[in-house]
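These features come from TrEMBL:
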DOMAIN    1-250  domain 'tRNA methyltransferase TRMD/TRM10-type'
BINDING   Gly138, Ile158, Gly159, Asp160, Tyr161, Val162, Leu163  S-adenosyl-L-methionine binding site
Amino acid sequence: MRIDIVSLFPEFFDAFFSHSIIKRAIEAERLSMGVTNPRDFSHNKHGQVDDTPYGGGAGMLMMAHPIFEAVESVIAQYDSETNSAYSTDEMCDEMSLIGNPSESIRRRVIFMGPTGQPFTQEKARELATYDQLVLICGHYEGVDYRVEEHLVDETISIGDYVLTGGELPAMVVADAVARMIPGVLGAASGAQEDSFYEPLLECPQYTKPPEFRGWVVPDVLRSGHHKNIAMWRQKEALKRTRLLRPDLLERPLTKEEIKLLKEIIAEESERDTGEV
């Protein structure tokens, strides 16, 4: 998978690329990433990428043409690299069957902005199925609307608050998507057990020592009984979700979830009435 970020501040991403999950994904060749500066596509010697808004108003807007040309550049580069991978003599027969490989590339161009749909784990899972993502970071007071209207496939927001630019949201999206790419996480079940991979919060987790300042790890987790441990984890995940994010339970529930929720409610009722 390839993730290209279009940003006026490429240096923001230096540490992001060189640590943790992203670094491992790149080293394992599961993911490649790059940052393109729209200033490189400015049409004047000063590298201008912004201008005053028509109709007046505070601040400056990013101009359309540097963003368009930056995005078109990374798309053309990816298509060229993809075609090159199929250009050896051994692949000639296959190419005659599949046609131009770039025509089958699954690509998504995304603008990081407050008007977009909220970013979710489900969206991260969906985006991880694409071959190339292009994430556009806005700045100043925003971007010329023609970018959203004619260039991007969708706009994504990471929350109802104001940030200086789209760089942090782009990192959030890239990190969440990278975790969904097969082979990126060390443990095969790592992503599945994260909060929000399934529509529940993660259950409580513990490590050694078994007792710390009088607080003891639940016996079931040290029992070695895998079925009981799995049941405990699911039940605790439901408890936390019901307490902290009840909106996540506003969906069709499985029979097992309904059964466990009834147990949770009954236990809470007993505690409230002092019958425990």
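Cβ atoms are placed via backbone N, Cα and C, with glycine included.
Around the Cβ of Ile158 (S-adenosyl-L-methionine binding site), a 10 Å sphere holds 19 further Cβ atoms from the protein chains shown. Working note on the binding-site residues Gly138, Gly159: by count of other C-beta atoms within 10 Å of each C-beta, Gly138 ranks first. In the structure shown, across all protein chains, Leu163 is the one of the binding-site residues Val162, Leu163 with the greatest number of other Cβ atoms within 10 Å.
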